[in-house]
Amino acid sequence: MPSPRRTIEGRPLGSSGGSSVPGSPAHGGGSGGGRFEFQSLLNCRAGADPACARLRASDSPVHRRGSFPLAASGPAQAAPAPPPEDARMNLNPSFLGIALRSLLAIDLWLSKKLGVCAGESSAWGSVRPLMKLLEISGHGIPWLLGTLYCLLRSDSWAGREVLMNLLFALLLDLLLVAVIKGLVRRRRPAHNQKDMFFTLSVDRYSFPSGHATRAALVSRFILNHLVLAIPLRVLVVLWAFVLGLSRVMLGRHNVTDVAFGFFLGYMQYSIVDYCWLSPHNVPVLFVLWNQQ
């Protein structure tokens, strides 16, 4: 005789006989046990019966694939996949980025320390009027007006040639500085006071220093094309250096603004010297100027 089958609830089911429980759906029918077992499987709820939950979990395709192994079933867990190469590179900052950030921090700190004439209440506030006078000596407007006046008053071809190239150098300096300032758009230091002499819209930016570029350009131009005594030559170099330093002391620029300005002005003279205007390469310009 075959052993009686048991339902998930633990009660015996007769294969052909009646159920021991009166009023059950399997009572009095040969196929009632099969219907009772089928309905019991349909009516079981997840979590209500542990056996049903285990049955449903074991029959699921995800469990059969082994995508979610039990913590206690295996001796060791699978090692996590290593991050991709790009992610590992992004987590480690480059040496160049660290160097640039360090240089910027040193630049801001040193510029603030050297801004001793940024205001009347600063450490060297009493020297501020003298520094502002030095600021005017390196402004572009006085240099342009002075060069034009000397060019009009000159009566020699050699003098006009030198002055015309100086005018060309000053215009080139204004153009290059304005373009770079518009591209970089670096704000002036926070301790700067807005009392500069004759500023334009682009002058609200600080990189590079126009006074520093002009000082380097003009001093190199004068030393190469004017015959001066040694004390005057030393005075020209000293003027250019003090003018650049005054930009930081007044709080107008950072140290890197002035340093790059000196470099740019030095290179600008090389451009002017390469494109030197003379009666031989641009005779029309000198003839027209001579007729004025």
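Residue numbering: from 1, along the chain as shown.
Every residue, even glycine, has its Cβ placed from backbone N, Cα and C.
Within the list Ser58, Ser67, Ser122, Ser126, the entry that Swiss-Prot describes as phosphoserine is Ser67. Neighbour count (other Cβ atoms within 10 Å of the Cβ, all protein chains): 27 for Asp257 (site 'Stabilizes the active site histidine for nucleophilic attack').
Using DSSP to sort the residues of the region 'Phosphatase sequence motif III' (246-257) gives these counts of helix, strand and coil: 7 helix, 0 strand, 5 coil. Here the Cβ of His253 (active site, nucleophile) has 29 other Cβ atoms within 10 Å, regardless of which shown protein chain they belong to.
The local packing around His211 (active site, proton donors), expressed as other Cβ atoms within 10 Å of its Cβ over all shown chains, amounts to 28. His211 (active site, proton donors) sits 10 Å from His253 (active site, nucleophile), taking the Cα positions as reference.
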